[in-house]
């Protein structure tokens, strides 16, 4: 996502290297590069023109800041204007003073509207808001069944009257059912079409008039580029929407939709879909996306993902096990699964500042390594996972694990060596000391005469089973120790 745009923008900063300050002459080339980058990302031409004009005015009017080079100053100006372009701040979902809150979902066929409805329902559940989904798409085969299946997956009820009922009547009765059940929010999944047609728009307008939604959200496909912005504008003019949900933002998209929707339609992006899983829906934060576009990472979203995936009680238990040197392979596999719940490895790494330069090949290699590790740990017995030292001292156990996991004995030995080193390092960091120099750590595996130093103990090369006896100091001739 946005990789090509980020790389092109980086070329723009390079144009200002070695300059003392921003001037009309030296900024010209950088602005041309930014312009080319945005157009290549399929940002609307009028949006690009306005953006470049605003950046130029701010850059030429900026005061010289001591200790900040022109390139850094220019990046900050571009960042501020990107945030401004996309809407400055997150616009939350509406919430009616008196329940139920009614959210009308609209969009063309193939944009992921029905899935987005379920994703939004799950998001509301996580916010402790009860939801009811209403299936009014009576035209597309299996649309009602799809919503019911998704509802079962996320444990959210679905209201429908079958495929022969009138969509407007289904929507009306769905809202009444929500009132009867005391549900907080109603999500009405309307029919999509392959194109905008008068019949669809008239039906949507009638549903809107009857249910009087608090939010009318248009689901658009990010991969359609600036066309998504034009579609949002058309829907807003004819129906009156309050925001958009941008789907497939994790795909091979150039970013034009995210940068054009607010400016062209005047309506905010409220959520973005970042994957196929039903959990893969995030509130849209313009500042965070601007950071990612400029290769600054997105630490806040990463922290939020971690908070969702990881239980605080589990973290405390894990911390205690690290400090007590009882961290084992069961804990290690649990950590790996926590990470999987947070999303793909590539997606997580790109949220970390400075990790954007990792190639897709590097990420793929890392994902394969994680799978190999999980396969080897899965081939261990319960006793071996609880006591990794058993494997270090037993070649026969390592051979059995290698055969069971489909990997070599060398791979298993390497896993155990790296695990032992990692466990020691984690304990040292947890206790606030430095590797190899912590009081009372001599008996820890791998410590020896420094971090993983000393001669290998029983088992295999590279592993040290215990601290061993301290080496005797040789007497020096002459003055000895002064």
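Note: Cβ is positioned from N, Cα and C throughout, glycine not excepted.
Under DSSP, residue 249 (GTP binding site) is assigned to coil, being neither helix nor strand in the three-state scheme. The GTP binding site annotation in Swiss-Prot covers 107-114, 189-193, 247-250 and is backed by sequence analysis.
Summarising the annotation, Swiss-Prot assigns compositional bias 'Gly residues' to 452-468.
Per Swiss-Prot, compositional bias 'Basic residues' is recorded for 469-482.
Annotated region 'Disordered' per Swiss-Prot: 380-413 (among others), in sequence order.
If you look up Swiss-Prot, you'll see 452-482 (among others) marked as region 'Disordered'.
The residues of the region 'Disordered' (380-413), classed with DSSP into helix (H, G, I), strand (E, B) and coil, number 25 helix, 0 strand, 9 coil. With every protein chain in view, the residue among the binding-site residues 107, 110, 113, 190, 249 whose Cβ has the most Cβ partners within 10 Å turns out to be 107. Counting every protein chain shown, 17 other Cβ atoms lie within 10 Å of the Cβ of residue 193 (GTP binding site).
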